[in-house]
Amino acid sequence: MATSAAGPVLIVGSGLIGRSWAMLFASGGFRVKLFDIEQQQITNALENIRKDMKLLEQSSSLKGSLSAEQQLFLITGCSNIQEAVEGAIHIQECVPEDLELKKKVFAQLDGIIGDDVVLSSSTSCLLPSQLFAGLVHVKQCIVAHPVNPPYYVPLVELVPHPETAPVTVDRTHALMQKIGQSPVRVLKEVDGFVLNRLQYAVISEAWRLVQEGIVSPSDLDLVMSHGLGLRYAFIGPLETMHLNAEGMLSYCDRYGESMKHVLKTFGPIPEFSGATVEKVHQAMCVKVPDDPEHLAARRQWRDQCLMRLAKLKSQMPSQ
Ligand code: NAI
């Protein structure tokens, strides 16, 4: 098994996101080395991955064509970074979101890697120009930002440094597709990348609508979960425009002026504090009390919904 498998892929940091990447790469048949500075984290990660994969297999939701045992066989822990990088085709950094720590980790890797491996960061919001500045192997560096939980939400944003080689982007794109993820190319770095810029635009307007007393917090969430969100699981906002008239030109012709009229009424960036945060917090706690048990149960329910949605999407004929 191990000899015919591709890879190896090295995961640096075996916390929440590192574990998910390990499972995804193993599902694609890649050998995976899990590295961490904390030996206990590696032990915990391997135990958690075993438990998760068995549960996924029992519910027929395990990704890939290999059994859980075959996938588990592909993942090994490693506490020596020099040994860990040996032969790696792709390194996925997953250490905490701290610029100085990540720069230290990349400087260390830069000193021991060869010219063929891709060096990729899972960062949610640090810019490639900050992370990879001054590295000898900068051409091989890229951000591959996953969405939590990556096992059920396949989007990965690929963000290059200005000096990243096009072949690095292409290789990472192909690798992500091979493990069943949906990579998108962010052509130039920008704060928040694309996903968080869209998310923050939605959060901002949601907050203003609640703050101005136009809608209750729970009804606001319904507008998304029972309205916009349903079609956005299948088509994006631009295709929505295209389909909601006789094509994009017709949509802009018909609705352009009214969109601009509404957009001009949008307010300033909210403070996310004071009376509104109290109001939103109280409303959220009616539905999901903010103690660890209730939050964990609701997250589990969310992940089950996402898992079923992923199944439905994979069964839909593609057009
Ligand atoms: P985490 O805190 O769960 O795990 C971080 C791991 O890195 C720990 O096991 C820690 O022991 C290890 N670590 C610390 N210093 C290290 C070093 N020098 N060398 C090797 N390992 C080291 O963090 P999490 O949530 O997995 O986040 C990792 C990255 O993924 C962050 O950049 C985060 O922004 C990004 N991300 C997180 C998402 C989330 O929802 N948690 C979603 C998308 C991206």
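Keep in mind that glycine also has a Cβ here, set from the backbone N, Cα and C atoms.
Pulled from TrEMBL:
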DOMAIN    9-189  domain '3-hydroxyacyl-CoA dehydrogenase NAD binding'
SITE      HIS145  site 'Important for catalytic activity'
DOMAIN    192-279  domain '3-hydroxyacyl-CoA dehydrogenase C-terminal'
Within the chain of HIS145 (site 'Important for catalytic activity'), which residues six or more apart in sequence place their C-beta under 8 angstroms from its C-beta? SER122, THR123, SER124, VAL156, GLU157, LEU158, VAL159, PHE193, LEU195
Quick one: mean pLDDT on the domain '3-hydroxyacyl-CoA dehydrogenase C-terminal' (192-279)? 97
What are the DSSP helix, strand and coil residue counts for the domain '3-hydroxyacyl-CoA dehydrogenase C-terminal' (192-279)? 62 helix, 0 strand, 26 coil
